[in-house]
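**Q** So TrEMBL lists the following for this protein:
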DOMAIN    B:14-461  domain 'PTS EIIC type-3'
TRANSMEM  B:39-59  transmembrane segment
TRANSMEM  B:79-99  transmembrane segment
TRANSMEM  B:106-126  transmembrane segment
TRANSMEM  B:179-204  transmembrane segment
TRANSMEM  B:225-248  transmembrane segment
TRANSMEM  B:268-288  transmembrane segment
TRANSMEM  B:337-361  transmembrane segment
TRANSMEM  B:381-412  transmembrane segment
TRANSMEM  B:419-438  transmembrane segment
TRANSMEM  B:444-461  transmembrane segment
Amino acid sequence: MTQKTIMLACAGGMSTSLLVTKMKAAAKANHDNFQIFATAAAEIQDRLTGDHRPDVLLLGPQIRYIADKAQVVADQVGIPMTVINMHDYGTMNGVKVLNTAKRLLND
Amino acid sequence: MDNTQSNSAFSNFVNNKILPPVMKFVNTKPVKALQDGMVYALPFIIIGSVFLILSNIPIPAVAAAMKASGWAAFFNQAYTVTFGIMALWAAVGIAYVYVRNEGYEALPAGLTSMATFLLLQTLNIASPLVGAMGKSGTGITNAAGKTVMSGTAVAANIDKLPHALQGFLTSPVTGVINITWLGGQGMIAAILCGIIVGWAYSAMIRKGWKITLPEQVPSSVANQFTAMIPAGVILIVAMLIYAAFSAFGNTDVLQLIYKLLQTPLQGLSDSFGGAVIIAFLVPFFWFFGVHGGLIMGGITSGILIPNTFDNAALYHAGKLTIAQGAHVVTNEFYNNFINLTGSGITIGLVVFTLVAAHSVQFKTIGKIELVPALFNINEPFLFGLPIVLNPFLAIPFFLTPVIVAASTYLVIRFGIVPPLNGFAAPWTTPAIISGFLIGGWKMAIWQTITLLMSVGIYFPFAKKYDAVLTKQEHDKEVAEAAAGKAEAAK
């Protein structure tokens, strides 16, 4: 299986990078091969239309107000996206968020 | 998580009636361009403020030594071309982001905005003699800052000269760019310039107003011509505006915007009411789960950064007092007080989890939040505890920033602690350290006091919520145990 990339975005990419660390740990425990990284909301467009675009996009709940716009871009490039569940985000539940991403990738 | 699903009439009202228009506004192209465009100015502001501190170290002996060695002047040079011309960065960054978001090649638009911004201002500087002369003049000071000739004496001496020479000496200096307008004073004009140029540039490209060369021409050559028509049109219009202001008003657009728009806005933001409203709106948005810090920061930074700039200039001149016009509410007031340890100033909850929490939920989230809190990040609390839509924690969450903002305003206003010095500490700078950087040791102590306020305000509410959680967890355990027994009995 080729390595899939999961991109998370929040306001500045700061708090989401905490979650990324947890997700990486969860992926390692499962022996899943993912590249996971966090970025700022302002970067979403560039990242999605860039050369190394991710395979799935997850938004932090605090920027769900840009979800509609991000969805348009995600649809254009044909990748799935969703807003992370608030509770999973707050508890920094790497396992659950990773599963969300996997579900989106398999759909 | 029953609390997060609260469906009270009020939260429905806010979610359906208040948030959608606000979000619509936040998502408009100009506001997005403003928020993301200012980001390009930030590194220069932060680097520049380091040079500012170096050129004016708050220890008199060190500052004097710096000056004597000549280093202060070099640091000042570096400060001038970074922090000192922040409006120029904003003008470029905002137009750039606007056009980038529209999906076109954006650097030419940023550069067009820069040219337009410069075109709109009067490119001369009043002769320093004019400021020095007369009763209200500054007079002439020597390198040590001592007045060696008073304003009246300067005027009396100039008056002795032949008329032609007087006129020559007092005429404006030309062939220069006046950096006054590239700094704080030009900020609102730069923002407007960036937005309007970004909009006009994108509109023209979209309409197909560009020079299209035959396909045989290499694309790198053809690209050079894409910008020519939009940039040309924008600059011609800007020139006509400049000409009209110069011919009919004997002024320029930047001065007008500064007087009519920026000064009132800065005054509004820099008031007790302004501080309290900003402090209230951050948790207000967050309570409904959207990033209040980002939304309010995007809207207010265009006004609060010029306030920071003014204070930096006063600090630089050694005149940083309220009486001499220092602002109370600057961008650091926002970053390093209102949002200290995360929006809602949730350090009180961190302390609670460390010393008094019983419920598993509180303890678990508290552990996750401990380190992020040092860097003013508190999403684990906001979403995990949660604070979002949680009636148990709503009161302290709204109250703490408002009380901290109000009291901080008052202690600075009445001179108990000195005004913020204009150092732009990044918002992730840990508490107390940031206080020291933005206002010296007194500010660091005051910041510590605000942290204690947070503890005091949050504690009783956190205790109540913790008791509720503990009971829920206990009930669940009992229910599970009962279910397990029933299972075993079968």
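Just so it is clear, glycine is given a Cβ too, placed from its N, Cα and C backbone atoms.
Any idea what these are sitting next to in the structure?
**A** Only residues 6 or more beyond the boundaries of the transmembrane segment (B:179-204), in the same chain, are considered here, and those with a CB under 8 A from a CB of the stretch are 29-30, 33-34, 37, 80, 83-88, 90-99, 102, 104, 108-109, 112-113, 116-117, 120-121, 125, 210, 229-231, 233-234, 253-254, 257-258, 261-262, 265, 302-303, 305-310, 313.
Sequence-distant contacts of the transmembrane segment (B:225-248), counting only residues of its own chain at least 6 positions beyond either end whose CB sits under 8 Å from a CB of the stretch, comprise 105, 108-109, 111-112, 115-116, 119-120, 122, 197, 200-201, 204-205, 209-211, 213, 256.
Within the same chain, residues 278-279, 282-283, 286, 292-293, 367, 369-370, 372-374, 376-379, 381-382, 385, 387, 393, 396-397, 400-401, 404-405, 408, 427, 431, 434, 447, 450-451, 453-459, 462-463, 466-467, 469-470, 472-473 sit at least 6 positions outside the transmembrane segment (B:337-361) and bring their C-beta atoms closer than 8 Å to a C-beta of that stretch.
Long-range contacts of the transmembrane segment (B:381-412) within the same chain, counting only residues at least 6 positions beyond its ends with a Cβ under 8 Å from a Cβ of the stretch, are 1, 3-6, 8, 11, 272, 275-276, 278-280, 282-284, 286-289, 322, 328-329, 333, 337-340, 342-346, 348-349, 361-362, 365, 368-369, 418-420, 446, 450, 453-454, 457-458, 461-462, 464-465, 468.
Tertiary proximity for the transmembrane segment (B:444-461) is limited to same-chain residues at least six positions away from its ends with a CB under 8 Å from its CB atoms, namely 336-337, 340-341, 345-349, 351-352, 356, 392-393, 395-396, 399-400, 403-404, 407-408, 411, 417, 431-436.
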**Q** Looking only at the domain 'PTS EIIC type-3' (B:14-461), what is the model's average confidence as pLDDT?
**A** 90
**Q** Same chain only, please: residues at least 6 beyond the ends of the transmembrane segment (B:79-99) with a C-beta under 8 Å from a C-beta of the stretch. Say none if there are none.
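**A** Sequence-remote neighbours of the transmembrane segment (B:79-99) are 29-30, 32-34, 36-41, 44-45, 47-49, 51-52, 55, 105-107, 109-114, 116-117, 179, 181-187, 189-191, 193-195, 197-199, 201-202, 205, 302, 305, 309, 312, 316, 424.
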**Q** Residues of the same chain, at least six outside the transmembrane segment (B:419-438), with any C-beta under 8 angstroms of its C-beta?
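**A** Answer is 42, 45-46, 48-50, 52-53, 58, 83, 308-316, 320-322, 326-328, 330-333, 335-336, 339-341, 347, 374-377, 412, 444-448, 451.
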